[in-house]
């Protein structure tokens, strides 16, 4: 370094830096105004000072306690002490007895009322956010290091519940506060602060509780369950045991389209190293053999397993991505080549270990089916609904020669008989265009307790005693986001033949937790017919009954505050029992099988039609559901005081759900 700190000599003909100039801050300099005799604009200074006629002087240019300015402006206004301008707008501090010091001459606070409202809204938002963090982690120190399947699903479900709640609050306060922006990052930060995470100990190979094919919609989810600890970087690494700190190997990579990765072969990934990308303030450059790139190079020589997570565009939300865990790979080869930018890039060839469950291969097959539905093996019908739904539902049998289920009429909603007495008078809102979250004047939002039941993406925010959607008399648009059930499902379903449970339902698309699946369509009946002698009970196989006892579970975000606890808000409030038969007419819901650990739940929804409110049963995803995973819900158990329970033992069926929590039977 030139001119080091040790030298204090001053070169000739240069400024002596050892001397400190007497420089005053700008705010201490006194403005000099021309005196009155010097002419305009101060010739009329008295009595209104340097202000044109019709304009009142403002503080501090008005004299003490409102007296007019005097000609000696420079002396009388500032005296000998300069103060920052912001100090002139400060309110006098209150006296110790709570009264204002200038009680004899109180001034109104300066500033528009909208500023005060924004401050109040900001304070309300901060209080609301603080309330959301008031919950117990419920995870031990050992569980934070090493997880299991139940713990991984619990962490993911709690993250999603908190993220949805923050998104709901963000929608309602969108124009008032930035506190709830980026709900996924905010939720992740809260989870980390509270210690709600698992598999925090880095490891090579399998992560306890994470299964091949699991899907995620946020990088933060990968971090919380220990699958990949980097929020931005695509390569995660750790030091090998017995090695020095610098000897790191790669343990996981995320391939999400940010680089020129080759992903044609489902069992081979040609991965591009990190770094070198162009950005707003720098040009593209050669990649360097450091950090993640160096770790992958070492993994090539060490031959250790590397977890691969692949990212894709979300078919139902084009601006989002979905990540699938594709299992364990090994780095087989590395080289350097010129990229599209002309800069050198590292390339790594990773090969999938044999014998693992298919994940990315399933996604590639689905992509092919969507381009050419006839390429689907075992296809019976390309659209079971015959156009009744906006998205076709495939009918597939890869198990045996059965050509389809027994005949039924496909209907997309529930049908009420005129004599049914559940309907009640109802009236719509007065919103124009579309209902807006946070609009306290919207009667539909008021019916929902002041909160919009769905977030911007159409995802259910939380379970509620009853959801009220906009109806036919509401003037809002058909695509108003408070009409989720009425606009139908948005994923491509497939009715398929199972090996031991008859027909089932699954999706070609990844499904996010809270996504609307479908309505239980059919005919509303007043009671279930008792099984007669010789009756095979098929009539009871296609029945949904709200009066059954269902396994309770918590899906909403819970806090410790009594007024915020959701144990009561998840209990349904249905006016009277509703029984729907889909034996003769129904939709895809009739094909959903029972499970003791379901991935779908039901939610009562009401909306108005011709000034009468009708009850509907809607199904939503309980958690993230990978493509080609069977959709199931809990069928419930008949109440002991119901006629349906008179022949309970005879109506009991063996459960084949395969869940660790299987109770062995269902009705």
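Note that Cβ sites are derived from N, Cα and C of the backbone, with glycine treated the same way.
When the ranges 51-86, 87-122, 123-158 are checked against TrEMBL, the one recorded as region 'Disordered' is 87-122.
Counting Cβ pairs under 8 Å that are 6 or more residues apart, the domain 'YDG' (205-352) and the domain 'SET' (491-636) reach 3 or more and are in contact. In terms of DSSP secondary structure, the domain 'SET' (491-636) contains 11 helix, 54 strand, 81 coil. DSSP labels the residues of the domain 'Post-SET' (651-667) in these numbers: 1 helix, 4 strand, 12 coil.
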